[in-house]
Amino acid sequence: MNYKYKTVLLKLSGEALKGDAEVYDKKCLEDIASQIIHLVKNGLKLGIVIGGGNIWRGKLGENIGMDAINADYMGMLATVMNGLALESTITKMGYDKIKVYSSLPIKTVTDDYNFKKARIKMNEGFISIFVGGTGYSYFTTDTNATIRAIEIGAEAILMAKNGVKGVYDKDPKQHKDAKFIKKISHQEIVDKQLRIMDLTAATLAKDANLKIEVFDMSGDNNIIKVLENKLESTIIE
């Protein structure tokens, strides 16, 4: 199968796993897993970073008086849970060439992150799920996704959004007159402070000349469609 990229980093939000459920929706997990399996079976080298927002938000920490550093680590642990949930779903659907790499050492259920090992395994057809954030507080999963994409030699980050087809000049959920942007530079994202991703991640991607493609994953097989160039999206480069 000819995809527009050979190696990509897929960035998923934690909310993508929950649907209308409280934490996880079986159908959402299976839909994402089936697309991932299809892609890697057809030759795509794929790394994945998942957020933890379906389980933990920093605001929850604030509400109970938790300091920001501990709250960040709880968010990192939430990404571990999400990575294991996706791994389990993919394995149950019959694809067992998969590794979960954690920046936080949890040897019982994950492998310690090592970009060289991840590259080797991806060349062997393994899916690599990167969890635990960067392993340090004050960094978002957007930043983690950008770092991992650079380290595995990805040609692009596929940034999956829920119900938003790409980048707009302002929040389309709050402003009916928001204008869709087909193509934009990393620097414009930073200068205009567009909240499609955090600015540290945008700056890192700019310095590494790493393309980011923002798309709406909520339609049928949209992860596959964006790689087949059959879906409207925003290119950041």
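Even glycines carry a Cβ here, placed using N, Cα and C.
What Swiss-Prot says about this protein:
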type	residues	note
BINDING	K11, L12, S13, G14, G53, R57, N162, Y168, D171	ATP binding site
BINDING	G52, D72, T134, G135, Y136, S137, Y138, F139, T140, T141	UMP binding site
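The DSSP secondary structure for K11 (ATP binding site) is strand. T134 (UMP binding site) is surrounded by 19 other CB atoms, counting those within 10 A of its CB over all protein chains shown. In sequence order, A68, I69, D72 make up the list of same-chain residues 6 or more apart from Y138 (UMP binding site) whose Cβ falls under 8 Å from its Cβ. Put simply, D171 (ATP binding site) is 22 Å from G52 (UMP binding site) when counted between their Cα atoms. Neighbour density at the Cβ, taken as the number of other Cβ atoms within 10 Å, is lowest among the binding-site residues G52, G53 for G53. Neighbour density at the Cβ, taken as the number of other Cβ atoms within 10 Å, is lowest among the binding-site residues S13, N162 for N162.
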